[in-house]
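The domain 'WW' annotation in TrEMBL covers 16-49, 57-90. Residues or ranges marked as region 'Disordered' by TrEMBL: 1-23.
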C-alpha cells in the first residue's frame, strides 16, 4: 500500500486484497478496472470477488486529474507538489450496485462551501457574485473558482476586488477569476457593468446577488433613493433585468438572492393592506436602519419568488437563501454597537 500512502491516504480495511501481479486503476470518469501485468490483460471485475466498482465522490481538495502524452490518466497534488498515477479516490470505492442509502440530512450548520462542492466539476460555468471581495461573497467565489468555474467578482471597490482575485489565485494558479466594478448605489454603474459583461460574449450560468449594507446611516444615492433599499434590493433587481436575456440563453441557469431570516420582522404594507412605497425608501425622519435592512431582505424574497415563477419555465431558476445568523463578516462595520453585538455572538455562530 505504499502507493496509497504516497497519494496522501492511509491504508484502508479492504476485504479484497489483489493477487500478485494485479493492479487497480481508474478510468477518466471514475470507473475501477484491474490490470494483470503477468498476462497483460485488463478487466472490469475484481479478480477475486468478481465485483465491479467505481470511485466515490470527487478528488480531494488540491488534487487535479491530467492526461499524459500516451493518453494515460495521472493525478497532481498541488498542495504537496507531487504527481502519481494512482487515483487518490481508490481508498473510497463503492460497488457498482450499492444499496440505496436511507434518507438523511446531507449538510448542516457545520458544512463548509468546499465540502458542499466536493466532487463537482464546474468547468465551463460562468458565475457573477456581487460583493465578492470579502465575507460570504469571497468564500463563495473562492469555492466556485477552485472547482473550475469562471468567476467574476462584481465589487464596488476595484482595488479590493483585485486583491480578492490574487488571494484566490494564490491558492490555485489555474483559477479563472476576474474583478469588475459594480456599485449598486448607482443605477448607471449597474448598467455599465451589464454592458461590460455582455461585451465578453460569454454565457451566464449563475448570478449570486450577495452584496448588502447593514446598519447604515440614512443617506440618498445619486438616484435619489434611500441607500439600503437601493444597494440591497433595487440595484440587484435592475442587474437581473439587464442580464435576463443572457441567463435565458445560458439555461439551465440560476439566480441566488442572499436574503435573511430578518425579513420576518417587518412589513411593507400600509394599514389598509396595500403596498406602501414610502416604506421602501423612507425619509430621514421615518428611517430606522434595522427596519430598512429587514424590508430590503423581504423585497429580495418577494422578487426571487416572482422571478422563479416567470423564468423557471425557460430554464432559469431563482432561490433566496438565509446564510446564517450573525455570521462575523464586515457587514456590521457601520456602527460600533452592531460590531459589539456581532463580536459577542461570534463564539456561538457559524464562522467563515
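Positions of Cβ are set from backbone N, Cα and C atoms, glycine also.
No curator has checked TrEMBL annotations; they are predicted automatically.
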Please work out the helix, strand and coil residue numbers for the domain 'WW' (57-90) from the DSSP assignment. 3 helix, 13 strand, 18 coil
Run through the domain 'WW' (16-49) and tell me, per DSSP, how many residues are helix, strand and coil. 0 helix, 14 strand, 20 coil
Averaging pLDDT over all residues of the domain 'WW' (16-49) gives 82
